[in-house]
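These notes are about the structure you will find just below.
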Amino acid sequence: MAAGCSKTFTSKYEEELYYDVEYEEFCKTFEFSNSSTCWICNGYYGPNYEEPLCGTCHSFIFPNHPQDEAEGLATEVSDDEDSGNDEPPENGSEARDRSDGDQDQDYDHLERPRPSAPRNVNQYLEMLSQPREMDESERQICALPVEVLLSIFSHLDDLSLWNASEVCKQWKRILEVHIPQQMWQKYTKERWPLFQQVSTIPNWLHMYGALMNSCFCRTCLIQMAHKAPMRGRVNHIRANRLRNDIRSLDLDATEGIDAVALDNQLFHWQASILGPPGSPYEGGKFFLYIVIPCSYPMLPPQVRFLTKIVHPNVSRHGDVGIDIIQHNWSLALTISKLLLSVQSLLTDPFTQICMEPELGRMYENDRPKFEALARRWTWKYAMYEVLPPVEGLI
C-alpha cells in the first residue's frame, strides 16, 4: 500500500499492526542489495562468507593493531577471571559484570585461550597470491570420535567454540551436553557485559549464538574481544577526559544509554542504547562498539553498531554516518553526548546523505513500509533481554 494512503486508524497500535501484516512478506525476505558479495570490492578480493566485508577489505579499512607494534606504548591487556574489566571502578555496569562473573568461576574447569587477532592485510594479500589446494579433510573430521573432538574443543576460545557449534547438529549437540550452561553464561557476560538478564534463559548456548547472529560483523566482535592496544602515545589529557566521561555516563544512565570500557587502557568500549519511545526501534536494546584513539579528545572515537538495525544512516557493516563523528567533532562532546546523538538519530534520520541509499529512499517514499521493516528487525535482533531465543527460531 502506498505511503499516501487515505486509510485512517483509531490508534497508533492499530496502524502499526496493519502495516506489519501488509508488509510481512517483504520484511521476512528483505536483504541489502548486493549482499552476497563484499560491500567494498564486490568480491574482487574473495568471498565474504555472509559478512558485509571480505577479510581483505576489513583488514585494510578497519585494521587490527597487533600488540607488538604498540609495545612500550600500552601495557598488555590482562586476561584474568574478570576479563580485565577492573578499571575504572566508577563504572557501575562494569562492576556489575565483574561481580556476576565471580560467581561462575567454579565452573571454569578449562583455561581457554584468548581469541586470536584477525588477520592483517599483509597476511590476506599473501594468501591471495598463493594457490590453494582442495581440502579433503571434511569427511575425516566429521568421523572423529567424540573424545577426540572434545580434546580439540578444549583448546578453542569461546568464539571459536561457538563457531564449531554452527558446523553441524552433531557438534552442537556435543557442546550442549559437555559444556555446562554456566560456562556459556560466563562467556555471554564476558562478550556482552551490558547484557542484562531480565527473563529466564533456558539455554545459554542459544543466547550466546543469538547475540552473535544479531551482529552486523563478526570480525568486529573478534576485534572487540581481542582488545589490542592502539598505536600512539597515551597522555594524561586523554586519561582525565575519559574519567570525566565515565562520570557523565553514570549521570545520564536514565536516558537509556550505557557504556563500559573493555580494557585497562580504555581503548575498546562496548555501549548500548535503548530504542526511543514512539519510534519503530522502541523496546530494543542496541549494542555498539566504540574505539577511543590515543589522541582523544582531539580526534573523535570510532562508533559502530554491533546489533543489526535498519536505518538510512547506519551501513550494513554498522558504521554510523553522523556529522559530529565525520566532520563536526568538538572537544565539548563526550561519550555520553555522542551516544545521545546516535540515539536521537534513530528518531530523525538524515536522508540527504545516507549510508544506505535504498533505505533512505524507502524512508522518504514509503514511510510505513520502512517502519514495518525497522520494527521487524528490532524484534528479531534487539530484544533478547526480554524475549530469549527459542530453538529453531534463532
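A Cβ is built for glycine as well, from the same backbone N, Cα and C atoms used for every other residue.
Any TrEMBL annotation is an automated prediction that lacks curation.
As written in TrEMBL, here are the features:
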type     : residues : note
REGION   : 71-121   : region 'Disordered'
COMPBIAS : 77-89    : compositional bias 'Acidic residues'
COMPBIAS : 93-114   : compositional bias 'Basic and acidic residues'
DOMAIN   : 138-187  : domain 'F-box'
DOMAIN   : 237-383  : domain 'UBC core'
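Under DSSP, residues within the domain 'UBC core' (237-383) fall into helix, strand and coil as 57 helix, 27 strand, 63 coil.
Residues in the domain 'F-box' (138-187) partition by DSSP class (helix H, G, I; strand E, B; coil) as 38 helix, 0 strand, 12 coil.
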